[in-house]
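Asks: Pulled from TrEMBL, these are the listed features:
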- 6-24: transmembrane segment (TRANSMEM)
- 17-272: domain 'G-protein coupled receptors family 1 profile' (DOMAIN)
- 36-58: transmembrane segment (TRANSMEM)
- 78-96: transmembrane segment (TRANSMEM)
- 116-134: transmembrane segment (TRANSMEM)
- 180-202: transmembrane segment (TRANSMEM)
- 255-274: transmembrane segment (TRANSMEM)
- 318-339: transmembrane segment (TRANSMEM)
- 332-587: domain 'G-protein coupled receptors family 1 profile' (DOMAIN)
- 351-373: transmembrane segment (TRANSMEM)
- 385-411: transmembrane segment (TRANSMEM)
- 431-453: transmembrane segment (TRANSMEM)
- 495-517: transmembrane segment (TRANSMEM)
- 570-589: transmembrane segment (TRANSMEM)
Amino acid sequence: KTFFVLILLMYLVILLGNGVLILVTARDPRLHTPMYFFLGNLSFLDICYTTSSVPLILDSFLTPRKTIPFSACAVQMFLSFAMGATECVLLGMMAFDRYVAICDPLRYPVVMSKAAYVPMAAGSWAAGGTTAMVQTSLAVRLPFCGDNVINHFACEILAVLRLACADISINVISMAVGNVIFLGVPVLCIFVSYVFIIATILRIPSAEGRQKAFSTCSAHLTVVVVFYGTILFMYGKPKSKDPLGADKQDLSDKLTSLFYGVVTPMLNPIIYSLRNKDVKAAVRNLRDYQMEKDNHTSPVLGFILLGLSTNPRLEKPFFVLILLMYLVILLGNGVLILVTILDPRLHTPMYFFLGNLSFLDICYTTSSVPLVLDGFMNHQETISFSACAVQMFLSFATGATECVLLGMMAFDRYVAICDPLRYPMVMSKAAYVPMAASSWAIGSIASVVHTSLTIQLPFCGDNVINHFACEILAVLRLACVDISINVISMGVTNVIFLGVPVLFISVSYVFIIATILRIPSAEGRKKAFSTCSAHLTVVMIFYGTLFFMYAKPKSKESQGTEEEELSDKLIPLFYGVVTPMLNPIIYSLRNKDVKAAVRNLGSQKCFS
């Protein structure tokens, strides 16, 4: 009961303190700098981590025995490891920010521009999420013995590993590698940064100047000492060999983990608010700033989507056509998802990827098609700024995810045809589930970056988007300022999400075709090619549409402007509706397993 009250009070302080920090860093223009952007990420990270474990800990204090499902335990392991690893990298990024600010202040605005520090923060989250996915996948695949009692407050990964019946040497090695990467490397980066920072501060002639320079990094240094000190003690302390001290050591392990999970996130906002004049001033002026913002700003309330209002004769035929296509998309992809889940014969990597592809197509079309249909009926559709931002995020995220996912599917086909004996080992569940999850994560991260860069732009005129939906390129045309950063980032993304997967798919199919041609019998070649023909057809349609949509040359003739604008709108519509509609048709027509699963599903429905 004592710990219940104590942890509850700490959790409330964490929510309040970190919530206020996020609020002031978002609202106060004076805090729109790299250091406070990283600080906002740190606060959000602390809230996520504690919320994933503290409610369960509080519940365990009130009940003598707490049961947690295996899936919930896996999620908790993933979140705790991801947040911890992300915070390690983030603190290293913050040390680099302080190094540039103090040691090279003239170049600070260039080195730590928004185009640099936003991807740095996103990279921290991506790195933490990736390593957590690997560690959690390795842990959940283990067999567990006994009554599965975890001697801990929550599903801490080391406590779970102690229950394994099998050899955990791979887990131990991967944890050691993770410790080197996410503890050793950031600590080394922070240490080297502060060596240069201290050397630079000591060269400042005046005592007041030295004090002012050191005050800009003292809060970060304090947080680093508390955070890394706790982690190094928790994971690096030697284990007792005396059996009499086992109980004390277990208690020590649990309390140290609790300190890291609750006390450290509680201290972070206190340290930054007590030792930072800008944060204290921002907290005091939060109400005044909000009043000033309300009086002097006129935010974008929404956009008008023209759709086919300039070609009204096309609206009704397109309404019927797009509605029918959308229904086919929901039915076809829904059936594919259903059969890949229910039919045990389709519990393979290829069909797992196919289920992800179908779910992705449903998400993409549902985020835009209802609005497009409404626009055909109302001639000009109005969409709020926030809804437009969400639509931009979803369309870009699903498109980027599909690019990566098709590359993963090509690798799956390569292993299946070129190295069939090792296929069960290479494409095990511990491999293909993280591959699919990383596709979603990478696509989402790229979309967050592009959407963030777009929505922070000022927009001119009447905010009319000459498009069916909030397509990111159409929105960028309304910006009042230079969009070179957006254009460059789009170019880089095209290389990563178009060029790299296409190159990967091309190389995979070169090896696949070479292997197929070496098969002596015509029937064997036909059978081998049939296993990848559906994927190859989908790849050609998907990438062909994308390349034509974004890489086609622009017309220089003024007479062709209207036709080009109509073409620019209809091509994304083809990509957004026709391609998701064709995917399940291609896979069902060209795949015997899927057709058999659909027939069996109908039979089960009839005789159940």
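Glycine too: its Cβ is placed from the backbone N, Cα and C atoms.
Remember, TrEMBL labels are computer predictions, not curated facts.
Here the structure is a predicted model, which means the values were calculated and not measured.
Each of the listed features needs to be described in terms of its position in the shown structure.
Replies: Proximity of distant same-chain residues to the transmembrane segment (6-24), defined by a Cβ-Cβ separation under 8 Å and at least 6 residues beyond the stretch ends, is recorded for 31, 39-40, 43-44, 46-47, 50, 54, 57-58, 61, 258, 262-263, 265-266, 268-270, 272-273, 279, 282-283, 286.
Here the transmembrane segment (36-58) has long-range neighbours at 4, 7-8, 11, 14-15, 17-19, 21-22, 25-26, 66, 68, 75-76, 79-80, 83-84, 86-87, 90-91, 93-94, 97, 117-118, 121, 124-125, 153-154, 223, 258, 261-262, 264-265, 268-269, 272, 278-279, meaning same-chain residues at least 6 beyond its ends whose C-beta is under 8 angstroms from one of its own.
Outside the transmembrane segment (78-96), and at least 6 residues removed from its termini, the chain residues within Cβ reach (under 8 Å) are 35, 38-39, 41-42, 45-46, 48-49, 52-53, 117, 120-121, 123-125, 127-129, 131-133, 135-136, 154-157, 178, 182-183, 185-186, 189-190, 193-194, 220, 223-224, 227-228, 231, 260-261.
Across the domain 'G-protein coupled receptors family 1 profile' (332-587), mean pLDDT in this model comes to 81.
For the transmembrane segment (385-411), same-chain residues at least 6 beyond its ends with a Cβ under 8 Å from one of its own Cβ atoms are 299-303, 350, 353-354, 356-357, 360-361, 363-364, 367-368, 371, 432, 435-436, 438-440, 442-444, 446-448, 450-451, 454-455, 469-472, 475, 493, 497-498, 500-501, 504-505, 508-509, 535, 538-539, 542-543, 546, 576.
Using a Cβ-Cβ cut-off under 8 Å and counting only residues 6 or more beyond its ends in the same chain, the transmembrane segment (495-517) has close neighbours at 399-400, 403-404, 406-407, 410-411, 413-414, 417-418, 443, 446, 525, 528-529, 532, 536, 539, 543, 546-547, 550.
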Asks: Have the transmembrane segment (431-453) and the transmembrane segment (116-134) got at least three CB pairs under 8 Å, pairs 6 or more apart in sequence?
Replies: yes
